[in-house]
């Protein structure tokens, strides 16, 4: 056949099509054995842009819902906050497979560019929200139209030789984790600027009338700059003409053999992929519920078991967490993964998370310097463990499929994960409101019940990492 002839010709002559962007990347990897720092820098910046808006609202969401005057009681605020927090992930769950298919058909770059533009538009509109339904709809549209992460995960695998793929996935999860930490830090420091910085922002100014616009606007301005970075991204999808037929083939990572010469397995029948996605979804449900609950718990009154933090206090804690996460992922994680493997790293992270979360309710008994010191240490450790788990599962998913299927595979992963993440804030917000009303209960009173339930999700994810449930991909799959 024509495709086999093309593959055999390239294999024998060991050459690439000059006009094929995928071949250019493969030739670059063959002639440059080092780490592709420039490409990974681009990857990190784009992923950071996609991650920043996801959880930037959590520190001020409690106050935003209060200002909408939709909750009849203070204890009900968490219930409505959960739905606003879930809208983004619900939208992403509906469209991630579509964006993955588009990325496999037309290339990674167009999807990434369109998603970045969506961040600029809809994240800004969210900052202008004046009622509950406007907030929900803008977050839903942002999630639906921002299909960046799936294609970027495929992209990071494709620009790296196999020996550097762990670093590529680490860059993805590091930027993602930093975005999920720095985003809330910006939200905490910059929300309600007329109240915090009255000498700079008056109550009659734009940011006085829209108290939650400033952090959203700064993220959108950053995203405008990222659009320029997207223009520098080289395409990685193979698309070239041979023997009269257009071919979308892909050279295997680290070899010159075309993956299309081997049978393509249906993604839904690929148990290595599906099992890793299921485990990944359970941990992401935990992480998203934790992100929602932590901010609600931190800003809630001490009489309800919270810390009575301001949005700025929450921002400070999350900013320190972002710094610790950056240092760990860049300098420690690749070494740990190389020695223990992605599955063992995920298991260790899950085991250590359980006693850590069990200690959270007792931190509310502290005050002053002791509280700030311990809550910062706990938050750094929790985020480091969560991103270590995520990175390991990223690696498993991308090694379970060929390049031709990576966009669709990551689309399936993103849709499933987004559905679970949509459940996280909604369930977390509702459970938080319920727990705040049972301060005098005998069994796990108040917020102790919330952190107990979070641990049960973590235990479930941990158990699923063991065989026979989790099937590991063959080592020869790149």
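Quick reminder: no glycine exception, Cβ is built from N, Cα and C everywhere.
Annotation comment: TrEMBL describes 39-473 as domain 'Major facilitator superfamily (MFS) profile'. For the domain 'Major facilitator superfamily (MFS) profile' (39-473), the model gives a mean pLDDT of 84.
The transmembrane segment annotation in TrEMBL covers 40-65 (among others).
Residues or ranges marked as transmembrane segment by TrEMBL: 77-99 (among others). Within the chain carrying the transmembrane segment (77-99), a Cβ under 8 angstroms from the stretch's Cβ atoms is held by residues 53-54, 57-58, 61-62, 64-66, 68, 70-71, 111, 115, 132, 135-137, 139-147, 150-151, 288, 292, 296, 408, 411-416, 418-419, 421-430, 432-433, 436, all 6 or more beyond its ends.
Through the fold, the transmembrane segment (111-134) approaches residues 46, 49-50, 53, 57, 64-65, 68, 70, 80, 84, 99, 102-103, 141-142, 145-148, 151-152, 155, 210, 212-217, 219-220, 223-224, 226-227, 230-231, 233 of its own chain, all at least 6 residues removed from its boundaries and within a Cβ separation under 8 Å. Look at TrEMBL and you will find 111-134 (among others) tagged as transmembrane segment.
According to TrEMBL, the feature transmembrane segment maps to 140-156 (among others).
Annotated transmembrane segment per TrEMBL: 168-192 (among others), in sequence order. Outside the transmembrane segment (168-192) by six or more residues, the chain places 40, 43-45, 47-60, 63, 149, 152-153, 156-157, 159-160, 211-212, 214-215, 218-219, 291, 295, 310-316, 318-319, 321-322, 325-326, 329-330, 333-334, 337, 383, 386-387, 390-391, 394-395, 398 with a CB less than 8 A from a CB of the stretch.
Sequence annotations record features per position, and here TrEMBL assigns transmembrane segment to 212-233 (among others).
The list of residues near the transmembrane segment (273-297) in space but at least 6 beyond its ends in sequence, with Cβ under 8 angstroms from a Cβ of it, reads 55, 58-59, 61-62, 78, 81-82, 85, 89, 180, 184, 267, 305-307, 314, 346, 350, 357, 360, 379, 382, 386, 389-390, 393, 396-397, 400-401, 409, 412-413, 416-417, 419-421, 423-425, 427-429, 431-432, 447, 450, 454, 457-458, 460-461, 464-465, 469-471, 473. Under the heading transmembrane segment, TrEMBL lists 273-297 (among others).
Long-range contacts of the transmembrane segment (317-336) within the same chain, counting only residues at least 6 positions beyond its ends with a Cβ under 8 Å from a Cβ of the stretch, are 59, 166-167, 170-171, 173-174, 177-178, 181-182, 184-185, 188-189, 298, 309, 345, 372, 375-376, 379-380, 382-384, 387-388, 391. The transmembrane segment annotation in TrEMBL covers 317-336 (among others).
Look at TrEMBL and you will find 348-366 (among others) tagged as transmembrane segment.
Using a Cβ-Cβ cut-off under 8 Å and counting only residues 6 or more beyond its ends in the same chain, the transmembrane segment (372-396) has close neighbours at 153, 165-166, 169-170, 172-174, 176-177, 180-181, 272, 276, 279-280, 283-284, 287, 290, 294, 298, 307, 317-318, 320-322, 324-325, 328-329, 333, 336-337, 341-343, 345-346, 348-350, 352-353, 356-357, 359-360, 363, 366, 461, 472-473. Residues or ranges marked as transmembrane segment in TrEMBL: 372-396 (among others).
TrEMBL lists 408-428 (among others) with the feature transmembrane segment.
The transmembrane segment annotation in TrEMBL covers 448-466 (among others). Beyond its flanks by at least six residues, the transmembrane segment (448-466) meets 275, 278-279, 282-283, 285-286, 289-290, 293, 297, 343, 346-347, 350-351, 353-354, 357-358, 360-361, 389, 428, 431-432, 435, 438, 441 of its own chain at Cβ-Cβ distances under 8 Å.
Within the same chain, the transmembrane segment (40-65) packs against the transmembrane segment (212-233): three or more Cβ pairs sit under 8 Å, each pair at least 6 residues apart.
Outside the transmembrane segment (408-428) by six or more residues, the chain places 81-101, 103-104, 143, 147, 149-151, 153-154, 267, 270, 273, 277-278, 280-282, 284-293, 296, 397-398, 400-401, 450 with a CB less than 8 A from a CB of the stretch.
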